[in-house]
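Asks: Got a structure for you, written out below as structure tokens; questions coming shortly.
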Amino acid sequence: MGIFDYKRLESSSNPRRILRQTPLPMEESPRLGPKGLIKKHEFVRILIQCLYSIGYEKSASCLELESGISCKSDDFQLLESQISGGNWDGCVDTLNAIKDLTDDTRAAALFLVFKQCLLEYLSCGDDKLAVAILQKEVSALQVDRDKVHNLARSILSWKEVEQSKIDDNAIRELRKKLLQELEKWLPSPITLPEHRLEHLVETAVLSQIDSCMYHNLSDEVSLYADHSCSRDQIPTETVQILTEHKNEVWFVQFSNNGEYLASSSSDCTAIIWKVPEDGRVTLKHTLRSHHNPVSFVAWSPDDSKLLTCGNVEVLKLWDVETGTCKHTFGDPGFIVSSCAWFPDSKRLVCGSSDPEKGIYMWDCDGNELKAWRGMRMPKILDLAVTPDGQNLISIFSDKEIRILNVGTNAERVISEDHSITSLSISGDSKFFIVNLNSQEIHMWDVAGEWVRPQKYMGHKQSKYVIRSCFGGLNSTFIASGSENAQVYIWNRRNYRPIEVLRGHSMTVNCVSWNHRRPQLLASASDDHSIRIWGSSLSNKIQPQKLS
């Protein structure tokens, strides 16, 4: 009698017939598919696993009988029989006999088995045998010592509280749980990774999506046909032209909920536009309070407030619903370059092109909450807060990017070789893009894992401030203005533009992609107009002007 002999329980965990399978040699194994890459034996096995996992147990069992292939390997079926019956000596022998197991995996699997043994021996009052297994078997395993110590403490705790005996039903459930844990530990082909067929199909679908340069659909992808989107899925056609501004339009930005659009101009005004469901933009408020051109706007995350930055002027806070100015920040000598909100819509930051001013954090009433000034904070050209509120990213000294973790104050600096004119952050807070006057756009990761950026080119920029943005489903695309009066669109995976949109007659200064309507894009130009771009499928009528 072995040290692990214990009472046998009739197994009820798997009433299926045990099938013994002898895999064919690799050169003899039948292959499936036009390229012969799929082994028939493996395909049938994961198909059986899938049928069991989605509840078609009769179909799975019939397929096992017809094919002679079992979902579970011979080794695992033997383990299942031994564990269900409490044959711990046999279980240990089987684990030790399995080939191609790493030492770590074998030790981890044996530890799980010994742990179950100890529990059952303690339950039936055989403390001495439990301690003997711990000292002779468990201690010899090459596993984390903390696990061994925790197991020893559990024995002491069990004895102290004098736990009652566990009944047979509870033991069966614990043995089932042990088998589930072993399935996760043991490698293929001894066990199959959970939901293997579903994983393979999802991987194939994602691969097709990743290779689709125009993918911009939130609808589920069908398995009935290979996936491919046409250019009609992204904005490529002018659907409306807004001409309310009387001079160059410098900035444009959709609200977070996609229901509004804000624009600013060198005519010293900003405009809030309404974007209804039919996509026909209408004027809501004209904001007149600045004495200089308005160079920048920023929506609060809840879209109830709007910030406007005057060129070499103060920062103003507006109520979106009424169009009234609620507060003016700073003084006539405070030169604001850019501004941004924190996620709570209660705190905001602004950067100054005056090196002595740096960056200020205010509440909506103008109370200064924090400031970053001094020698390490030269003039700020642009800044943004990641949507999750964790990082403040700023452009300073023309060629440097500063990423500050607001919570820990940890920071890092990225240096570019050419002057940076603007900054934009992806909606998931993971990436940001900067426009350079070298006619390139660079995308960096916020976490700092990349050694070099991804680069995008094709547009024209050498003299003016040009602003780009992320857009489309999951921020898949990048759009940018250009000094040649065109709008450029890239898929993030390709450095060359996939679309060039023509319509403006002068420099396109800024673009904005609607967050909630991924087929809607706005562009602001020196030709005094804003163009609304949409899908060629969603609009077959001539562009309308609003003035």
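Every residue, even glycine, has its Cβ placed from backbone N, Cα and C.
Annotations in TrEMBL come from automatic prediction, not curation.
Annotation comment: TrEMBL describes 72-129 as domain 'CTLH'. Per TrEMBL, the feature repeat 'WD' maps to 242-283, 287-328, 501-533.
Where in this structure would I find these features, and how exposed are they?
Replies: Taking DSSP states H, G and I as helix and E and B as strand, the domain 'CTLH' (72-129) has 45 helix, 0 strand, 13 coil.
For the repeat 'WD' (242-283), the model gives a mean pLDDT of 95.
Beyond the repeat 'WD' (287-328), the same-chain residues lying 6 or more positions past its ends with a Cβ under 8 Å from any Cβ of the stretch are 247, 250-251, 253, 255-257, 259-260, 262-272, 334-345, 348, 350, 364-366, 387.
With DSSP states grouped into helix (H, G, I), strand (E, B) and coil, the repeat 'WD' (501-533) comes out at 0 helix, 17 strand, 16 coil.
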Asks: Could you tell me how many residues in the repeat 'WD' (287-328) are helical, how many are strand and how many are coil under DSSP?
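Replies: Helix, strand, coil within the repeat 'WD' (287-328): 0 helix, 23 strand, 19 coil.
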Asks: Are there residues at least 6 beyond the ends of the repeat 'WD' (501-533) whose Cβ is under 8 Å from a Cβ of it, and what are they?
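Replies: Long-range Cβ neighbours of the repeat 'WD' (501-533): 216, 218, 233-243, 245-254, 256-259, 261, 263, 265, 275, 279, 281, 427, 464-473, 477, 479-489.
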